[in-house]
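So the structure is just underneath, and the comments pick up after that.
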Amino acid sequence: MAAIEPNPNGKKVIVGMSGGVDSSVSAYLLMQQGYQVEGLFMKNWEEDDTDEYCAAAEDLKDAQAVCDKLGIKLHTVNFAAEYWDNVFEYFLAEYKAGRTPNPDIMCNKEIKFKAFLEFADDILDADYIAMGHYVRRSDASGQSQMLRGVDGNKDQSYFLYTLSHEQIARSLFPVGELEKSEVREIAKEMGLVTHDKKDSTGICFIGERKFTDFLRTFLPAQPGKIETAEGEVIGEHQGLMYHTLGQRKGLGIGGMKNSNDDPWYVVDKDLERNVLVVGQGGKHPRLMSVGFYADQLHWVDRTGPNDGAKITVKTRYRQQDVACTLTYEGDDRIKVIFDEPVAAVTPGQSAVFYDGEVCLGGGIIDSLIRE
């Protein structure tokens, strides 16, 4: 693997040790390259003491075992207050407003590359921080850019679009140069306890709990009607916030007379009437949009693409890039028109833009353009 920096000797890197395989191997690779490496474990959520399985305690144990094996120091820090104020409150407010937020993106913005970086700077005297994210950093243009990870299936640039070039310049991403299978192989060869630990999925503060049960403890749900796009009432929902555009499972409808066998999808949410609108088929006209408006913009280079730029966009993680044209509607609002209509574009989610391998930045989808 190419060295991340020509002369890493003596430079101090604080690695965000999560107790997973990616951060474990990141620490090892940086040591191999001659960096002075220390780990930092973040606790971002205060679990209920009644939780049968305390994930954070298990993760800390694994992080400590890896650091012991590598012979490096592990620090710990509690960011639960910062997480609550900057990530969780936002998450609840968005759901309350009928949108579908992405807390992982907000966590990267406010915690992993802000609170963590400040702590590493002020308390641990770091030259760099490092994370186990599958992205790459390039300094070829004279300014740090973020590129997609080599492993297209694990690329996490979508979740990191809020980073500025200054933050990227202070960050190292060793596993971004590797395939996931290679990362597990390295961990196995090194005898790291995390080599076969399964990847964490879902939202960290929900853990193993059912999403609807978790949300119900914080937000009062208001049941209402489920209607077809033609206005026929065909069922009841337990709360609009439990549903997202394009959702197919968990609607509790089916076997309708006079309907074909195509599955039902959520095609709209009528907030004023508290009605969930459904239609049949993944390409239902109400599910399709030709574009969208977005705001809360973040550009990695702080200026963004040119007005009228022809680039590509992802409107959700793991989606294939879609060719589009971007135009500005003021300082903090853009209009995006797809080359081809796209299904299930969802307000509250992030739209992330690319020029080839380079992640340019993105914004929050505000409203859809249907035709």
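Each residue, glycine too, has its Cβ placed from N, Cα and C.
Annotated in Swiss-Prot:
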type     : residues                                          : note
ACT_SITE : C107                                              : active site, nucleophile
ACT_SITE : C204                                              : active site, cysteine persulfide intermediate
BINDING  : G16, M17, S18, G19, G20, V21, D22, S23, M42, G132 : ATP binding site
DISULFID : C107-C204                                         : disulfide bond
SITE     : H133                                              : site 'Interaction with tRNA'
SITE     : Q349                                              : site 'Interaction with tRNA'
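Feature map: Swiss-Prot annotations on the structure.
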| residue | record | DSSP (3 states) |
| --- | --- | --- |
| G16 | ATP binding site | strand |
| D22 | ATP binding site | helix |
| M42 | ATP binding site | strand |
| C107 | active site, nucleophile | helix |
| H133 | site 'Interaction with tRNA' | coil |
| C204 | active site, cysteine persulfide intermediate | coil |
| Q349 | site 'Interaction with tRNA' | coil |
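The Cβ of C204 (active site, cysteine persulfide intermediate) has 17 neighbouring Cβ atoms from other residues within 10 Å, across all protein chains displayed. Cα-Cα distances to D22 (ATP binding site) place H133 within 10 Å, out of the recorded positions C107, H133, C204, Q349. The two recorded residues, G20 (ATP binding site) and C107 (active site, nucleophile), show a Cα separation of 17 Å. Put simply, C204 is the one of the recorded positions G16, H133, C204, Q349 whose Cα lies nearest to the Cα of C107 (active site, nucleophile).
For D22 (ATP binding site), the count of additional Cβ atoms within 10 Å of its Cβ stands at 27 [all protein chains shown].
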